[in-house]
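Colleague: Before anything else, here's the structure in question.
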Amino acid sequence: MASTQTRRGEARAPGDGPGGGGAGRSGAGSRGAGGPGGSGGQGAQGGQGGYGGQGGYGGPGGPGDGPGGANGGGPGSSGPGAYGTGGTPGPAGNAPGKPSGRAGRNLPAAIGVGVALGAVLLGTLFLRGAFAVVVAIAVVIGVRELAQAMSTRDVQVPWPPIAAGGLGMIAGSWFGGPTAMVAVLAMTALAVLVWRMAEGADGFLRDATAGLFTLVYVPMLASFAVLMLAQDNGYKRVILFLTLPIANDTGGYATGVFFGKHKLAPKISPGKTWEGLIGSLIVTAAVASIGITQMLDGKVWQGVLLGVAAVASATLGDLIESVIKRDLGIKDMGNLLPGHGGIMDRLDSMLATAPVAWLLLGLFLGWK
């Protein structure tokens, strides 16, 4: 583009930018680092150089696995005639990216909330019925959180019948076992369809499908924890079940931090690595073997199988939750728990592991 600035002395040759000296080319920030600004265009000999172009903006920081963009490009070079003024540096790039996921949260708050939740769960386990009440409360909150999250994409989940049916499924699991739970599930599914149908045909299939997904994902999966609790040695089974996702997270995090190089699912959860998965398998299998032999008189091989299955289900639960949040464009399902997010941000791996633990412990140890 030819220079359009007022001349002083001889005419200047065109530079890269609109000024006589030319604008520096904006540095295109690559993943994790901003690009430098280009040099200003050279003025014609004898002519006064124009002002150098403005430096490019620094690129944004990577999503947790790279440094942020550097400052914008340097000043544009002046022409060789009368000296032009250097280009204005571009604004600073984004700060270095913080680790994504739970590692970047408020650690003291997260630890405090985690300890409090653990104390509540362990304390109510020995009262058994009180633990079922805690699960029921968590189900109602989780259903509401998921419905609110989906509303950000104009999906209107009919959550009142799902929450009411969830309470019925927990009660059915406690008092009537699997048959009662499935019966309440079927009736609740019908109620969800009728509730949404009363609001009209527009968006019916979208909202009803989301409602049925919510019904299965939260109340039904949570009911398996209560089914375990209702058995004769139920509180021991539930204690073992609760330790499995914790062992999975601990083993995966520790191994991934020190040895993690190969991404497990970079498009879904960039923080997970194959090395972390191996660490999860080792730690969870060990914890499950110790737990099943010491608390439930099981065998080591049963604990190993339980641990491997729990890692698979817990990892799947984490990935499903990550996909949901990415699709909805949100970071957390809620903000009820400082340092953790919402209830659903804590239940993801546990919900997926509950039916697996119920099934395998029943096959290994019996259903009574």
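All residue numbers here begin at 1 and follow the chain in the order shown.
Each residue, glycine too, has its Cβ placed from N, Cα and C.
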Colleague: Between the candidate ranges 104-124, 272-292, where does TrEMBL place the transmembrane segment annotation?
Modeller: 272-292
Colleague: State, in range form, which of 130-147, 210-231, 237-260, 304-324 has the highest count of Cβ pairs under 8 Å to the transmembrane segment (350-367).
Modeller: 304-324
Colleague: Determine which residues of the chain contact the transmembrane segment (130-147) at the Cβ level, with the cut-off under 8 Å and only residues 6 or more beyond its ends counted.
Modeller: 120-121, 123-124, 157, 159, 162-163, 166-167, 170-171, 173-174, 214, 217-219, 222, 225-226, 229, 235, 238, 333-334, 336, 342-344, 347
Colleague: For the transmembrane segment (210-231), which stretch among 181-198, 237-260, 272-292, 304-324 has the most Cβ pairs under 8 A?
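Modeller: Of the candidates 181-198, 237-260, 272-292, 304-324, 181-198 scores highest.
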